[in-house]
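**Q** According to TrEMBL:
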type	residues	note
BINDING	GLY167, ARG168, SER169, ILE233	NADP(+) binding site
DOMAIN	7-122	domain 'Tetrahydrofolate dehydrogenase/cyclohydrolase catalytic'
DOMAIN	141-292	domain 'Tetrahydrofolate dehydrogenase/cyclohydrolase NAD(P)-binding'
Amino acid sequence: MAEAIIIDGKEFSSNLRNKIAKDVETLKKERNVVPGLAVILVGEDPASRIYVRKKEEMTEAVGMNSLSYRLDADASQQELLDLIQTLNNDPAVHGILVQLPLPKHIDTPTILEAIDPAKDVDGFHVVNAGLLAIGKPTLVPCTPAGCMMLLENNLGSLQGKHALVIGRSTIVGRPMAQLLLTADCTVTVAHRHTKNLEELCRQADIVVAAVGIPHFVKASWLKPGAVVIDVGINRIPAEDPAAKAAGKTRIVGDVDFAEAVKVASAITPVPGGVGPMTIACLLNNTIQAARNLTPVS
Ligand code: NAD
């Protein structure tokens, strides 16, 4: 069997960001609106700081306004709630994102539910989760939204396909399963208590792996010709012995890519697959929120 098509999320997301930049121009011309995305970071978590900086750079690169808010790690929950309230009421802000994880003394669900659902560009508010669950998605969590774009670009219609989602987190697995269901797939959701995972995997036309375990999904589990979307981002020691000894690491996915590529018909690499789609979908959600909040007069 020929090797799989490598689904290039870098290129796809770059094209999507170019389209978003044009949408920003159109919004400016037609509605006199510059979409504004507010990003709140509480504390100094190094990985979160990198993510937030990347989001802010890309927001500016497509011509949107990036509004940054940094709170100290010991900021109170009320301080954060007050800031969210101010942003909810600010007409220049169309999207609000609170970078997770939050410090332990802050209750994450309370914070996420304080965000105006119309500005909830992460799609984590219960109202948006509920709309997704009844098949009327509005602002959809960014990572699954990106996975759907890659799948539809590769397969066209997903109707009637059997999709297996491995993982049931609220940010990836669950919304992914809802989106696949809305796209008329037959959906199986697997999690840490699932039995016979290999058997389930062998029946799937589409496998979405969102587990967080390096190289978890083996090539021998896959149905020949399956389309594989690898959401995992796992840091493991570098391959090269000298680099490994120096403590260097590399990023791998949840799928044994080197072998899976020989069985699948298409597969996302890690890095360069799903990862780059997430921020592009965040910007896409911000455009959508800005459109919804500023109807043409
Ligand atoms: P999570 O830890 O919240 O959820 C993991 C899920 O995997 C759980 O539902 C759990 O039940 C399931 N699981 C664990 N062990 C299992 C097993 N043995 N068999 C079957 N299921 C099992 O993780 P998450 O936030 O959903 O993230 C999953 C992965 O995706 C991580 O590697 C994360 O870094 C990555 N991720 C990537 C992006 C991106 O932009 N590409 C975004 C979010 C998360």
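Each residue's number is its place along the chain shown, starting with 1.
Using the three backbone atoms N, Cα and C, a Cβ is placed for every residue, glycine included.
Just so you know, TrEMBL annotations are computer predictions that nobody has curated.
Just so it is clear, the model here is predicted, and its values are computed rather than measured.
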**Q** May I ask you to report the DSSP-based helix, strand or coil state of GLY167 (NADP(+) binding site)?
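**A** In three-state terms, GLY167 (NADP(+) binding site) counts as coil.
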**Q** For the binding-site residues listed here (GLY167, ARG168, SER169, ILE233), tell me which residue's CB has the most neighbouring CB atoms inside 10 Å.
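**A** That would be GLY167, with the most Cβ atoms nearby.
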**Q** Rounded to a whole number, what is the top Cα to Cα distance in Å among the residues the record ties to NADP(+), namely GLY167, ARG168, SER169, ILE233?
**A** 16
